[in-house]
Structures are given as C-alpha cells and as structure tokens.
Amino acid sequence: TVLKAGVLVWSLATAVIPVVAGFMPGLVLSRILVGIGEGVSPSAATDLIARTIPLQERSRAVSVVFGGLAFGSVLGLLFAPPIIQNLGWESVFYIFGLLGIIWCLVFESVQELQPGDNEDILNLENTSAGSNGHISSSVPSKSSDSSLEEMTDSLKDVPWGEFFKSKAVWAMIYTHFCGSWGHYTCLSWLPTFFSEELNLNLTDAAWVSILPPLGSMVITSIAAPFADNLISSGVDTTKVRKICQAIAFLSPAAFMMLSSVDLGLPPWVVVAFLTGGISLSNFALSGLYCTHQDISREYASILLGITNTVGAVPGIVGVALVGYLVDTTHSWSMSLFAPSIFFYLTGTAVWLTFASSEPQDFNKLASESLRESNQ
C-alpha cells in the first residue's frame, strides 16, 4: 500500500508540472511531492523483498528491483529528447507521469493475483528461516486499512534506541553516506566535467552520460548471481557482503585516482575509467543494500529509511560543495574526485571493520535494556 501510494504521488506530481510551471510555489510543491513519493518507495520495496525472498536469492531480488533505476535512467535519457522535439517539453512530464499511474494499476492487478496474505511468508515478528529460506511466524500480518492511531502505536514500539547501539547499523549509515556522496556528485557534475575538462561538446557529453547506467545494468547482472552463488555454496553472508561492498567502493576510488592525475590520457580513456568505476559501484546492491534485510527482516524497511535519509544529505550538501570548490579552486581533481575518493576509502575501512549480516533481535535487546534499567 505504501509503495503504491509513493509511486502514485510522485507520478501525479510529475504530471502536473506543466500546469504549475509558471507558478513558483506550485512548482516547488510538486517537486517536494516527487521527493516524498520517491522517499518512501525504496523502504516499501525493501520490506516486500525482506518478507518474501529467501536469503539465497536476496542479492538477485535487490539487484533486479533497484537495478531498475539504471534501466529507467537509460530509457529516460534516450526517449526524452525525441519526445520533446516532436511533442513539446510538456509531453515528457505528462507521459512519464502517466506511466507511473499505469504501473500502479498493473501492480494492483498483480497483487490481486497473489494467494492472499500468506502468513507463512509475510509475517515477521519472532521470525525464523525455514529450510527453504522463507520467513515464518505465528503473528498475524497487519491489515492495509490499519488506522492512523494503530500506525502511531506501532512506531512507538519500534526499538529505535537499539538500532543506534548497533555497530553494524552505524557502519551501514556511514557506508550509505559515502556511496551517496560519490553517486550524487558524479551524477550532477560529470557532464560538466566531460564538457569543460575533456572538451566534449554538450551533445557528446549528454550521450556519454548514458554510459554509467548502461554499465551499471551489466555489472548488476554479474554481481547479483555472484553473491547469491557464494552464499548458496556456504560462504559466510557477512563475508560476501563485505567483498561486494569493497568492490563497490575501491573500484571507483581507483579509477577516480587515475582520472584525476594528469597522465596525458585521451578523453575516451578517462570516460572509460569513470564509466567502469561508477558501474562497478553497483556491487553495493549485493552488499550494503542487502544487509538491512540480513540483520533484521522485520525492520529492514525502517533501517533502509534511516540509512537512506543520511544518504540523501550528499545530494544536498555534496553537490553544492563540489560546485563551490570548482569555482574557488578551478580544479576538478580537488573538487570532484578527492572528496569522493576520501569517502570511498574511509567507507571501505568502516565497512570491513564493523559491518555484519548476523541477524539481530532488536526487540529482545530492547526488552533486556528495559529490564536492566528497571533493576
């Protein structure tokens, strides 16, 4: 229900942009609604995966779902220019918004085809993984028409304090921040870097910007079965998540180092380096993005909400800071690459030291803490 609401909100907010484009408060509100819709959707999707997908298939499920971001980016970048050229700029917002609404209708029909709320799979309280890796429980699932009061009470029951006592959770928070710094700053500034530093014209720079999401789709199709096969063959889950996340961070860091040093490389080599590094960062889908579900199926969506909130900060602070540094230092190496390299390397160190995929019973820990405080 939350996932459908999120998609519907951002789709409608996108579709109305041509109508409110000349009215700044309306335009700002529409963009805020897009952010709200997109903000709740990753956590809702994570909750669905955690409730239905066994451990041995988790990397592939997460990669297919979140890999859709790269696929959508490629399609959007490819189809938006001819749509604008032939139908006008307003048509892009109408069409993309309509596609989201159609998705909601299709998702509703798919949901109705499912065999009800299968309690052997969907329920999470006091969970245990059976031989098939599915989640079982004796607690009935919450109905979608729960009242606001019940939702408020359930939020009060969440063991927030125990989350922040866990070193693994803090490792996830910092790692998400570091990954988002590299992702958001590169997403925003690489086209300008290609244009100004590599002397690509704007048209070429725009086409080159499609290469990272294309590469991401390829890497995702490799990383996910790689991780799942290791887990299925008996390799410790924590070790698999650490390997994947280390690849996701060290690869772009290495390629950024090569790109930031004046080695006299031709522009296409620098583009290849950066594309390869950003593409390999999608190993995180089999690393960090699975760990929320590994340590707590019940609270996977909330844990992702926490780390994703912190991960959104670089999209605000990091992008602006890179622009400021470019204006003041006139050095792309110091402005764009050095901060990203720093966060990739420190993120790797923190992840390898503190990350864990061992399941944690946060409710039990909260109960023990409460008993100790009452003694």
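The backbone N, Cα and C atoms fix where each Cβ goes, glycine too.
Of the listed segments 33-55, 332-354, TrEMBL assigns transmembrane segment to 332-354. Within the set 243-266, 267-290, the record from TrEMBL flags 267-290 under the feature transmembrane segment. The transmembrane segment (332-354) makes contact with the transmembrane segment (169-190): 3 or more of their CB pairs lie within 8 A, with pairs spaced 6 or more apart in sequence. Here the transmembrane segment (61-80) does not lie next to the transmembrane segment (169-190) in space: the count of CB pairs under 8 Å, restricted to residues six or more apart, is fewer than 3.
If one looks beyond the transmembrane segment (169-190) by at least 6 residues along the same chain, the residues whose Cβ comes under 8 Å of a Cβ in the stretch are 163, 209, 212, 245, 248-249, 252, 274, 278, 281, 284, 288, 291-292, 295, 303, 306-308, 310-315, 318-319, 322-323, 326, 336, 339-340, 343-344, 346-347, 350-351, 353-356.
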